[in-house]
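Listed features, source Swiss-Prot:
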DOMAIN    45-141  domain 'Plastocyanin-like 1'
BINDING   His79, His511  Cu cation 1 binding site
BINDING   His81, His123, His587  Cu cation 2 binding site
DOMAIN    270-372  domain 'Plastocyanin-like 2'
DOMAIN    463-602  domain 'Plastocyanin-like 3'
BINDING   His508, Cys586, His591  Cu cation 4 binding site
Amino acid sequence: MYLSTVLFPLLALNLGLSHARFVRETLELTWEYGSPNGGTPREMVFTNGEYPGPDLIFDEDDDVEVLVINNLPFNTTVHWHGLEMRETPEADGVPGLTQTPIEPGATFTYRFRAYPAGTFWYHSHYKGLMQDGQVGAMYIRRKPDALRPYAVITEDPRELAEIQYAEDNPYLMLATDWTYLTSAEYHNIEVESGYNVFCVDSLLINGRGSVYCPGYQYLEEVSDDGLTAVLEGTHLTEKGCLQPDLHNVQGDYGPWNLSAVPTEVVFNCTPSSVEPPVIYVDPEFNGWVSLNFIGGAAQKAITFSVDNHPMWVYEVDGQFVEPREVEMVGVYSGARYAVMIKLDQTPGDYAIRIAVNGGDQVMSVYAILSYVNQDWIHRENVPKAAIGPHTDTVGYMNYGGGNTSADVRQLLFTENLPAFGVPPPPPSSEVSTTLRTGMIRVNNSYSWSLGNNVLYEPEMTSSTPLLFEPDPLAVIAPKYALTTENNTWVDIVLEITADPRDLIHPPHPIHKHGNRAYIIGNGVGKFRWENVSAAEAEVPDLFYVNETAALRDTFVTDFFDSRLMDGAWIVIRYFVQDKFPSILHCHIASHQMGGMALALLDGVDVWDS
């Protein structure tokens, strides 16, 4: 059985209007019982009575006004993930930086320009409410005359028109994760046990996902070979999770209290079932479809594929890229990947597979791509979607997120496709400032620092948002902030610091608010140079300050093992274009709750203006 509601493409065509519209939306937040995965209901956030919140669709440069009504029993905010907010920094939605929290029973109106165009999402930026369901997808259609990258896909005029129609009318695929615990309960288990907890009950796609319990033996059979490196001779739990007391995963920060971790959190698996979302497509109407995946999970990264359908990745983090044809794509929390798919298969149903990517749990969730014109195919020949465990011989990807053949092409989460249609980054000689981070655990297994060994909480300045302070460093200690001057190019070295107590770091998806940044280099070992100019002179092959640079707002570090390396780093480069109280943080919810963030105060030399 599939969902009875047909999920038609987003209904507003790009009419080619050159003037900006004024668009008004209302989001009412409520705290009610729900069960997106068919398991035990728990209290969660609904937006306008829905989970996830409604898709918000705008045209580039629309003037947007969103009234948020907070009927939750908690403070909250809304962050518009990926939007620049250059003209309206007060709308960025970070408590303590751009606003005071929206208190229970209160309202707040966000006003901003819908810019840049592309795939985005919105979510709470207050404590762990994103994990409780305060999320929704957002899409901004490009102007009709925007330069597009599709010539590498096809030169056929009809196909190019169909591709642009698909771009303007995508299916937004919001991937999240779910646990029967509220975010506050989840975090309290970390505090009481001392463990870094990252196990979930299920993945969800557009708010739906079943719980499968195929047994740990099967889960280990389909898991990535790299998982062996962290299991320390143990087995996965029935839930597909790592044992909670693995020394190389938790670091040397004991003692821990295993009794404070309920068995349902990590060990027990209780199956449940909901109908998968169905994406209906009609190749006779339009021969291409765009699926725009949003990494909205609190704890998990994902890999996705569509059975029998190669995909052209054409947009990452809202930015057009040089298209690449693949069968599997890895996505970390905060990132967005749009793929263009040609509808040229036998009419039928095909599984859209979404699996955990990251080596910390083995599980999958499914949606279905359904051709509407199946009637003329003999019933026995109509393809049926193979979903659930033990369907690994079908499609490109197995239940554990691994490929089913060496011929399967995969875009890894560490690969960054070159940006399309934008100038390359400037040479390193034009950079005015080089800033450094130092990612490391502090004091225990669940507290993470982005730099200076500090644990940052945006709420610590909730009553005095830094945007409205003439001297922000008089309100927040300098160790909690990185500062820049206006109209300058800045490099930030995102570096993992090796520590003998802190053996393994998972990949960290570091998200930057405000404008995007170029990824200009990465490497293993310590970043031992004063700046990129010095590093380029010694190891030029590690840098790409040219047209191959990616332009993103989420930057994912590679898997780190201090037993094999003494550091790892990524360098990003961006232009400071105005006063902006930005933030740089890991988008894994438990890491951010554990302190992994720094204020990024741009343009402090013009702050009092």
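Cβ coordinates come from backbone N, Cα and C, glycine included.
What Swiss-Prot annotates, mapped onto the structure for a quick look.
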| residue | record | CB count, 10 Å |
| --- | --- | --- |
| His79 | Cu cation 1 binding site | 25 |
| His81 | Cu cation 2 binding site | 26 |
| His123 | Cu cation 2 binding site | 27 |
| His508 | Cu cation 4 binding site | 27 |
| His511 | Cu cation 1 binding site | 25 |
| Cys586 | Cu cation 4 binding site | 26 |
| His587 | Cu cation 2 binding site | 26 |
| His591 | Cu cation 4 binding site | 28 |
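For the recorded Cu cation 4 site, residues His508, Cys586, His591 set the reference point as the centre of their Cβ atoms, and the other residues of that chain within 8 Å of it by Cβ are Met439, Trp448, Leu450, Pro509, Ile510, His585, His587, Ile588, Gln592, Met596. Proximity to Cys586 (Cu cation 4 binding site), judged by a C-alpha distance within 10 Å, picks out none of the binding-site residues His79, His81, His123. Within the model, the domain 'Plastocyanin-like 1' (45-141) carries an average pLDDT of 98. Classification of His79 (Cu cation 1 binding site) by DSSP places it within a strand. Secondary structure by DSSP for the domain 'Plastocyanin-like 2' (270-372): 0 helix, 62 strand, 41 coil. In terms of C-alpha distance, the listed binding-site residues His79, His81, His123, His511 place His511 closest to His591 (Cu cation 4 binding site). Within 8 Å of the centroid of the Cβ atoms of His81, His123, His587, where the record puts Cu cation 2, the same chain has further Cβ atoms from His79, Trp121, His125, Met130, Val135, Gly296, Ser333, Gly334, His511.
Cα of His123 (Cu cation 2 binding site) to Cα of His511 (Cu cation 1 binding site): a span of 14 Å. His591 (Cu cation 4 binding site) falls within a helical segment according to DSSP. Between His81 (Cu cation 2 binding site) and His511 (Cu cation 1 binding site), the C-alpha separation comes to 9 Å. It is 6 Å from the Cα atom of His587 (Cu cation 2 binding site) to that of His511 (Cu cation 1 binding site).
On the backbone, the CA of His79 (Cu cation 1 binding site) and the CA of His508 (Cu cation 4 binding site) stand 20 Å apart.
Per DSSP, the secondary structure of the domain 'Plastocyanin-like 1' (45-141) breaks down as 3 helix, 47 strand, 47 coil.
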